[in-house]
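Straight from Swiss-Prot, the features:
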- 1-19: signal peptide (SIGNAL)
- Asn39: N-linked glycosylation site (CARBOHYD)
- Trp146: substrate binding site (BINDING)
- Asp202: active site, proton acceptor (ACT_SITE)
- Glu205: active site, proton donor (ACT_SITE)
- Cys236-Cys239: disulfide bond (DISULFID)
- Cys248-Cys475: disulfide bond (DISULFID)
- Cys288-Cys296: disulfide bond (DISULFID)
Amino acid sequence: MVSFSSCLRALALGSSVLAVQPVLRQATGLDTWLSTEANFSRQAILNNIGADGQSAQGASPGVVIASPSKSDPDYFYTWTRDSGLVMKTLVDLFRGGDADLLPIIEEFISSQARIQGISNPSGALSSGGLGEPKFNVDETAFTGAWGRPQRDGPALRATAMISFGEWLVENGHTSIATDLVWPVVRNDLSYVAQYWSQSGFDLWEEVQGTSFFTVAVSHRALVEGSSFAKTVGSSCPYCDSQAPQVRCYLQSFWTGSYIQANFGGGRSGKDINTVLGSIHTFDPQATCDDATFQPCSARALANHKVVTDSFRSIYAINSGRAENQAVAVGRYPEDSYYNGNPWFLTTLAAAEQLYDALYQWDKIGSLAITDVSLPFFKALYSSAATGTYASSTTVYKDIVSAVKAYADGYVQIVQTYAASTGSMAEQYTKTDGSQTSARDLTWSYAALLTANNRRNAVVPAPWGETAATSIPSACSTTSASGTYSSVVITSWPTISGYPGAPDSPCQVPTTVSVTFAVKATTVYGESIKIVGSISQLGSWNPSSATALNADSYTTDNPLWTGTINLPAGQSFEYKFIRVQNGAVTWESDPNRKYTVPSTCGVKSAVQSDVWR
């Protein structure tokens with residue numbers, strides 16, 4: 001988000017936010033933690049989507065809020081970029097069998113059709129308005145000062161909707177894709193084709209110029225947009241004319257040793273935006289293509305080392321880490337927003353690129369080391385040398401093992417600094433790793449889900465990278481006019497007959513995300529925790545109790561909440577405790593009792609209490 005200033009953390013009406021900072025944990029049992037954290041992250045995303053999300057009250061249906069945080073910083077808005085990335089994650093989960101997400105995806109597309117038509121400071125539907133970066137959660141224009149326009153949003157939104165549209169066609173619902181999805185997608189593609197070559201603000205909302213990330217995702221959107229248009233019986237000539245020019249321009253960001261993140265801004269150009277560009281244009285059918293900076297390409301791997309190395313010496317929490325060990329990763333080394341810290345999503349992006357590369361090497365059956373990528377490989381495997389190594393060779397196996405361990409190291413850093421409840425804010429501090437900036441950042445949770453899936457070799461559908469090979473002999477920053485039209489989606493036809501659909505046998509989940517909400521008036525420095533008879537609640541040990549958060553606390557509604565993943569059907573007893581300066585006060589007897597739901601399709605629950 002925009003880093004206008006670094007601010008003091010807010011106090012919630014007498015309750016210190018800092019008082020409920022998580023205790024840092026050692027990174028153990030990564031597989032087990034990821035299984036639990038993935039479930040938590042899925043629910044945390046749903047909590048941040050209107051109108052029914054627990055943390056998105058007041059947001060219109062389908063609107064994805066960036067964070068529930070309303071002060072220091074205020075992220076209670078919907079960003080087109082964040083929403084597109086988050087929804088693409090949910091669409092991928094849906095295509096993988098998570099049928100419960102269908103109505104959320106439909107509501108998202110309906111909401112975006114409405115938002116596209118809102119006149120705003122960047123313009124109207126057909127005059128640049130799609131480049132407006134953020135809106136109020138009630139689908140009204142945000143008219144305050146901001147870094148606008150931002151041109152990555154329409155491309156990312158188009159990619160998310162195209163993926164769902166392709167699923168519709170593949171499952172016999174072509175008319176829905178044609179009548180409801182394509183018109184909304186076409187607006188975004190028209191914007192990308194018209195404005196891709198013009199300057200705008202980067203994804204961090206700070207640098208005005210042209211950005212690698214924006215150009216990369218624009219290229220992808222135009223390529224898959226053209227294919228999707230043909231699938232629904234239409235065409236996208238403006239996609240076809242501009243995609244080769246965008247691909248040509250993309251090459252200009254390569255410096256010879258790393259990817260220049262932005263043209264403009266006066267910084268070194270070493271920026272995780274380049275790694276994000278690589279992972280969000282990853283095509284599981286692609287080779288290690290330098291032209292599109294595929295994750296396993298020599299360029300992308302060389303860039304990964306340069307970018308991640310730029311954070312090794314500037315964060316105290318990275319002290320003592322060897323060259324072959326993962327580090328906490330921020331946005332760019334010159335960052336000063338909230339004093340310039342590592343972010344959860346950027347650290348996870350560093351891991352995800354490596355998991356993508358591992359998938360690509362396995363699919364190709366070999367890996368190649370060039371002069372460009374040699375520094376990356378030598379840092380992890382000291383005897384690395386240029387050449388191509390088949391998957392049957394010892395060198396290949398040793399390198400793959402080293403890269404896998406290196407990738408896991410980034411996720412273990414996230415595991416260490418995530419809250420014991422699973423919560424992830426935007427950032428964790430460079431000095432001690434305590435969480436800071438906006439709480440429960442939706443993008444953080446989406447990044448966890450995508451990194452975890454790639455680690456498990458669960459990959460998205462291809463987007464056509466292998467067919468997008470044309471590069472003009474001379475680049476030209478051209479543009480093309482498309483077709484804009486106002487779209488109103490009043491309702492969605494019933495979609496049935498697919499795995500997990502309402503008419504299919506329903507599955508009882510193995511775990512349920514239970515949110516405990518207790519009203520307890522507190523004073524400055526006092527916190528509320530939950531402790532109980534099961535290990536997830538500390539086995540009645542106050543020192544192992546789970547801290548609740550006071551982010552929704554007001555004088556009229558002194559609410560403390562926390563979400564914990566628990567086994568379905570588990571019965572247990574619990575109590576709330578007050579903790580201040582190490583002193584523990586238990587609430588009065590009797591013990592509270594609760595049984596986790598074990599019901600078809602129920603993956604979350606809320607238990608509301610009042611302190612006694």
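Using N, Cα and C of the backbone, Cβ positions are placed for all residues, glycine too.
Scoring each of the active-site residues (Asp202, Glu205) by how many neighbouring Cβ atoms lie within 10 Å, the top position goes to Asp202. Put simply, of the recorded positions Trp146, Asp202, Glu205, the one whose Cα is nearest the Cα of Cys288 (disulfide bond) is Asp202. Proximity to Trp146 (substrate binding site), judged by a C-alpha distance within 10 Å, picks out Glu205 from the recorded positions Asp202, Glu205, Cys236, Cys239.
Of all the disulfide-bonded residues listed here (Cys288, Cys296), it is Cys288 whose C-beta has the fewest other C-beta atoms within 10 angstroms. Non-local neighbourhood of Cys236 (disulfide bond): Arg186, Leu189, Leu222, Gly225, Ser226, Ala229, Gly482, each in the same chain, at least six residues away, with C-beta under 8 Å from its C-beta.
Looking at Cys239, Cys248, the disulfide-bonded residues in this record, the fewest other C-beta atoms within 10 angstroms of the C-beta turn up around Cys248. A C-beta separation below 8 Å, combined with a sequence spacing of at least six in one chain, links the residue listed as 'N-linked glycosylation site' to Thr511, Ser513, Asn565, Lys603.
Of all the recorded positions listed here (Asp202, Glu205, Cys239, Cys248, Cys475), Cys248 has the Cα closest to the Cα of Cys296 (disulfide bond).
Taking a C-beta cut-off of under 8 Å and a sequence gap of six or more, Cys475 (disulfide bond) has these contacts in its own chain: Gln245, Cys248, Tyr249, Gln251, Ser252. Between the C-alpha atoms of the residue listed as 'active site, proton donor' and Cys239 (disulfide bond), the distance comes to 26 Å. According to its DSSP assignment, Cys239 (disulfide bond) is helical.
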